[in-house]
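The transmembrane segment annotation in TrEMBL covers 56-74, 86-104, 116-133, 170-188, 194-212, 224-242, 296-315, 322-342, 348-366. Annotation source TrEMBL lists repeat 'TPR' at 413-446, 447-480, 516-549, 722-755.
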Amino acid sequence: MSIQDNTSIRQWGTALAPDMKNGETASGRPVLNLSFAINYKISGTGVWSYHTGNLLIHWLAGLALLGIVRRTLLLPGLRERFGDSAFMLGWLAAAIWLVHPLATEAVTYMVQRAESLMALFYLLTLYGFIRAAREKITNSEFRLTNEGGEKGPDRARRESASIDSRKPQIVNYLWLGVSWLSCLAGMATKEVMVSAPVMIVLYDAAFVAGSIREALRRRWRWHAAYALTWIPLALLVAGAGGRGGTVGFSADSEITWWPYALTQCWAFVRYLYLSFIPHPLVFDYGLFVYTKATEVWWQMLLVLVFVAACFLLYWKRPRAGWLGLFYLAVLAPTTTVIPVATQVVAEHRMYLSLTAVVAAVVLAGYHFLSRRVLWVGIPIVALFAVMTFDRNKVYVDDDTLWTDIVRKYPVSARANGNYGNMLVRLGRASEGLPFLEKAVTLHPSRGDHYNNLGHAYATIGNYEEAIYYYEQANGRKVSREDVFYTNYCQALLKLNRFDEAMTVCQRLLAADPGSTAGLVIMGNVHFAKNNLAAAEECFKKALAADDRNPEAWNNRGNIKAREGGQLDVALEYYKKAAALAPASVDIQDNVARLLSQLGRWQEAIPYFEAELAAGPPDDVQARLGYADALYGVKRYAEAAAQYKLCLEKDPEKQRHVGGRAAALMAQGDTQAAHLLAQAMVDAVPGNPANRFLLANILVALERSGESLPHYEEALRADPSRASVRYNYAVALTQCGRHTEAIVQYEEALKRAPDQAVIHLGYAIALEKLGRIQDALAQAREALRLQPGLQEARQNLERLSRLEAK
C-alpha cells in the first residue's frame, strides 16, 4: 500500500506529504515517502529500482558502520590497543553485518526500507559526530603541543601548519552539519530514531569527553541542536495519529501494555538468539501475546539481568557499556510496553541493533584471538552470505513467502490467513479454506479472519456459507470496514436478499455518513434491483466526495452499458476506473471486454494484460479474451501461445479455438491456422480431432510427411472414422507410399462405401501401382455414385485411353 496505492509518490509536490491515516509504512514519514517517490520517478511501480535503492542504502550503512568502528578505535585511549587493527576490525564488523541473514527482511522486503533508511541516517549521525569531535580533538592537541615551546625545524613545521588550522575547523563544522541533518532526516524516516540524541550524548561521555557532565559542558550547543530534532518528530507522530491507531494505547486496541511487555520479553530473547544462530527466520509472527508472567518467567529474568548489566557496565566501563545501551535504545520504542498492534514481533527491528551485537562479538574475538579473529570471521561471513542468498529465495513470490511462514510458524493466525487469502487470489479458493478456518480457530476474536473466510466461500459461489461468516465478523474488529461491508453486501445481493443488503449498507453510512464505500454499496443495491436512476445518484455522490474512487466510475460504466446506446460513455467511465485501479481484475476486464465487443482489439490488449497480471494465472476467460484480441490484430503466434495455455486449463475451449483455425483456413491463411492447430495438439494431445485438424493443415502446406504421425494417432484413438483413413491415404499417396495408401482406402471403403471421393483416391493409388483395370473399376464406381464429379470423369477418360494403348 505504501507504493502501489500511494498516490503521493507520483508527484514531487506531494512526495513529502504522504496522505495515509491507517498506519501504512509511509504514514507520517516524509523522507521515506520521498525515497519511494524517487524510485517511482525512475521505474513507476517496477520493483527493480526499489530493490536497487534498498541495496544501496544497506551498503552505505555498512560503510558507515565500518567508519564508526574504525574511527572509534582510533580515538585517544583506544588507538594504543586497537590502532593497527582498526580498519580490519571495522571491515570485519561491517562485512558480517552486511551479509547477516537477520538483516534480510529490512533489505529485501521493499517497504521495510523504513528500517534500513532510518539505520543509515542513525549511523551517519553518529559517524558525523565522531568526525566532528575528532577534528576538534586533533586541533586541541595541536595547539597544546605548539604552546610547549618546540624549537628548530619541528617548531617551524608546526608554525607553518598553524596557518592552515582554519581548514580543519571548517571540516569540523561540515561533519557536524552532516551529522545534524542526518539526525533530522532520520526523525522524518522512522520513529525509532528518537534515541539518537541521547546516544550521541552517551557516546560523547564514554569515548570523547570522559563524562556526561563534561560532554554537556564542552558541547552543549551541539547536543541541544540534536535535541531540537525531537520537535519535528513529535509533530509527525501527532499528525499520524498513533499511526492510524496501530501504535500506542488506543481505546479499541486488542493489545494492552502488560501482555505486550510480556511478549516483548520473549521477543527480546528470540532476537538475541537469531543474532547468533539465524535460523529459523520468520517473516510474520502474527498477533499473539502472552498474558501470564509465568509463561515467560525465564525470559523476563534474562531481560532484567541484561538491562541491569548494560547500565552497570556503562557506569563502570562506559566504552564497553555503550554498545549494550545502544542495543537497548534502538529496540526500546518497539520492544518495551508501547503496543504495536500490527506487529507484536518483527525481525526487521533487529536491523540496527544487530550492529551492536556484531561489533561486540568482533571486539571480544579480537581480545582473545588478536588479529587471528579475521580467520574466524571470514568463514562466518561466507556462511552468512550463503544463508542470506538462500533466505532471499523466500521473497520470490507470495506463495513461497507464506508457505515458508506457515511451515516454520504454523501457530500464526495471520500467516494462515494471509496464505489462505493468497490461494484465493490465485484462484485456488478451495485449497485456501483450511488455512482460513485455522486462522479463525487460532484468533477467534479477530473479525478479519471471518471476513476472509466469508470472501473465500463467496469466491467459490457458496454465498450462504459466506454470509454466515460475514455475520460472525459483524461486531468484531476488522481492519477495513468498507471492504468487509462491501463483501457482505455483495454476497447478499447474489442471493437477491436486497432488504438485508440495504440494511448492511445503512449500517456503514450510519457510522460514517460521508463514506464513499457506503455510497458505492448502496448504489450496488439499487443497481441489483435495476433501479438505475437511484444507483447513478449514489455513484455521483460517491465521486463528488472522492473523484478517484474506481468502483464508482466502474459502476457508472455498468449503468451506461446496461442502458444501451451509450457504450462510448460506458467505455469512458471504465477507462477512468481502470486508470485508478490497475490491479483490479474486474475493472480491467470490463474495459477489455467492451473494447473487444466494439472490435477495438488493439486497445483491448493492454487491459487484458493488466487483468492477467493482477489476477490468478489460471483465469481461463481472461486469457481466452486476451488470445482473441491477439487473434483480432493478426498476432497469430502470440494468440496460439495464449490459446495453448487456455486449453491446458480448460480443454472444453477446443471448439472455440478450432473454429478460429477453420476460419483462417477458409481465408486461405494456412500458416496461421497451423499455429493454432499445433497449439491445440500440444495442449490436448489425446484428442483425435486436434490431430486430424493439424494433419489436414500440414497436407495443405505440402508437408504430408509431417502429417502422417498425426493421422496415425487419430486412428489409434478412433479407428472407425472413414474420413481420417481417407485423408491418411491421400497423404500416403503424396509421399509415394502407394501400397500403404491402398490399405487405408480399402479400410475407408469398408466404413463408407458410398463415398465417391474415396473411390476416386483409391483409383489414383491403384494406377500408381500399374493396376489399370482395378483403377478403372474404382473410377467408374466414383462416377456412378456422384455423376457430377468432374475429376472422376476426367480420371476415367484418362484411364480408358491408357487401357486402349
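The chain as shown is numbered from 1 upward.
Positions of Cβ are set from backbone N, Cα and C atoms, glycine also.
Unlike curated records, TrEMBL annotations are generated automatically.
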Candidate ranges 56-74, 116-133, 170-188, 194-212, 296-315 - greatest C-beta contact count to the transmembrane segment (86-104) (under 8 angstroms):
56-74
Using DSSP, tally how many residues of the repeat 'TPR' (447-480) sit in helix, strand and coil.
24 helix, 1 strand, 9 coil
Between 56-74, 116-133, 170-188, 224-242, 296-315, who has the most Cβ pairs under 8 Å to the transmembrane segment (194-212)?
116-133
With DSSP as the yardstick, break the repeat 'TPR' (516-549) down into helix, strand and coil residue counts.
27 helix, 0 strand, 7 coil
Selected stretch (most C-beta pairs under 8 A with the transmembrane segment (170-188)) from 56-74, 116-133, 224-242:
116-133
Structural state census, the repeat 'TPR' (413-446) (DSSP three-state):
27 helix, 1 strand, 6 coil
Six or more residues beyond either end and a Cβ under 8 Å away: which residues meet both conditions relative to the transmembrane segment (348-366)?
65, 69, 82, 85, 89, 92-93, 96-97, 100, 102-103, 105-106, 109, 112, 115-116, 118-119, 122-123, 192, 271-272, 274-276, 323-324, 326-327, 330-331, 334-335, 373, 376-377
